[in-house]
Amino acid sequence: MNPNQKIITIGSICMAIGIISLILQIGNIISIWVSHSIQTGSQNHTGICNQRIITYENSTWVNQTYVNISNTNVVAGKDTTSMTLAGNSSLCPIRGWAIYSKDNSIRIGSKGDVFVIREPFISCSHLECRTFFLTQGALLNDKHSNGTVKDRSPYRALMSCPIGEAPCPYNSRFESVAWSASACHDGMGWLTIGISGPDDGAVAVLKYNGIITETIKSWRKQILRTQESECVCVNGSCFTIMTDGPSDGPASYRIFKIEKGKITKSIELDAPNSHYEECSCYPDTGTVMCVCRDNWHGSNRPWVSFNQNLDYQIGYICSGVFGDNPRPKDGKGSCDPVNVDGADGIKGFSYRYGNGVWIGRTKSNSSRKGFEMIWDPNGWTDTDSNFLVKQDVVAMTDWSGYSGSFVQHPELTGLDCMRPCFWVELIRGRPREKTTIWTSGSSISFCGVNSDTVNWSWPDGAELPFTIDK
């Protein structure tokens, strides 16, 4: 074979290889296109069945090592359309309280990145329930946790995370700079209220879906403060109560009506012999009921009920089963303030059922320990101390703290009534546990059910002190 023939032969072979390679590439492209078409058709079929594939990601940080666990669940389609929460249902009939959530945040925080918090509370939309809390701008077991017993500082912020999860930087959403706060959902968006600033000039910042819509300046210049639990939304309007003035004497109390973050009406309560702080509010048949803290002179709890026009009634829970802390032994109640051990107090709640009342309270009369729910069938109007049901949820030997109400609307539960629920803060650290340099808390929550429940204790359970405390 002469040189020219060799060149022609080699060229022919190379061309043949090139053609074969081109054919293979075309085949590969066709294969990918067919595969994509099959997948697209499968997804369209899923859509026809009204199902969604939702990926939930739980992220855990241990010793700065990031572990991502992804679980894919096929979930029957849930309507995420915005809707106005009516709030006109009555409370569901209940026989007791079922455990709903427990975040164990102090236990987890001994080794993980968990916020130092206080004043946690829960609020639900028509799609989800979230835990809201006031951070101290610090993590547990870190040097910045020192001195976090202080209530008001520029480092505090309202944040939220999915209910039942320990609040950490990786699952939490910033809501507002605040050392006093409230939040609620009207079916279309979250309203948040965050109060921050100096004691003699604090400002409440209202946000709707994360955008500032309104501000309220302290009108008495004596520590403007709000509920530390959820506000209430009825037919597109949301309602909250704020206090400004002394914590040990008559103060000023205002109810605000808010629509999409804008104040549409407000009134001041005419209640010279009452004291309203840190109110726990809920909707019931289109009206709003708030049960509050009397830090001035009552060991029973004051209440205020109002309609959407802000026409209101006020009073005190009459039962001889007293709900505040400190408080005297149960005995003769009053529909006015019970002055015995009436000074100071703690945030709490009750649910009214006609003349009856479910009273949530610490088990201890004098310290923030234990927690129990008591059903007094005539306690809203009668002054005796007889009750029918007592359910223990935190033992007398374990720390508790603030407590408050929240509800689950029929739009969330599918029930034809408003499900009553409550949360309990489990405070750890200072000022009671002096082996620590910090103050923080975890939380538990319960919801009312018309079925069997149990007496038990669900304490915080963290072993103190932490490494930073030694």
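Any Cβ shown, glycine's included, is placed from N, Cα and C.
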If you check Swiss-Prot, which of Cys279, Cys318 bonds to Cys292 via a disulphide? Cys279
Going by the Ca(2+) site in Swiss-Prot, where Asp294, Gly298 are listed, which of the candidates Asp270, Asp311, Asp324 is also part of it? Asp324
Based on what Swiss-Prot records, which one of Cys124, Cys161 is disulphide-bonded to Cys129? Cys124
Just choose from Cys318, Cys335, Cys417 the cysteine that Swiss-Prot connects to Cys92 via a disulfide. Cys417
Disulphide bridge to Cys231 as given by Swiss-Prot, partner from Cys184, Cys233: Cys184
Considering the substrate binding residues Arg118, Arg152, Glu277, Glu278, Arg368 given in Swiss-Prot, which of Arg130, Arg293, Arg352 is annotated for that site as well? Arg293
Of the recorded positions Cys92, Asn235, Cys292, which one has its Cα closest to the Cα of Cys281 (disulfide bond)? Cys292
Rank the disulfide-bonded residues Cys184, Cys335 by how many other Cβ atoms lie within 10 Å of each Cβ and give me the one with the fewest. Cys335
Could you name the residues, excluding Asp294, Gly298, Asp324, of the same chain that surround the Ca(2+) site, i.e. Cβ within 8 Å of the Cβ centre of those residues, in sequence order? His275, Arg293, Asn295, Trp296, His297, Ser299, Asn300, Arg301, Pro302, Tyr316, Pro337, Val338, Gly342, Gly345
Across all protein chains shown, the disulfide-bonded residues Cys129, Cys281, Cys290, Cys421 give the max Cβ-within-10 Å count at Cys281
These are the recorded positions: Asp151, Asp294, Asp324. Which one scores highest on other Cβ atoms within 10 Å? Asp324
Where the distance is taken from Cα to Cα, which of the recorded positions Asp151, Gly298, Asp324, Tyr402 turns out closest to Cys238 (disulfide bond)? Tyr402
Quick note, Cys447 (disulfide bond): same-chain residues at least 6 apart with CB under 8 Å of its CB -> Trp97, Ala98, Tyr100, Gln408, Arg419, Pro420, Cys421
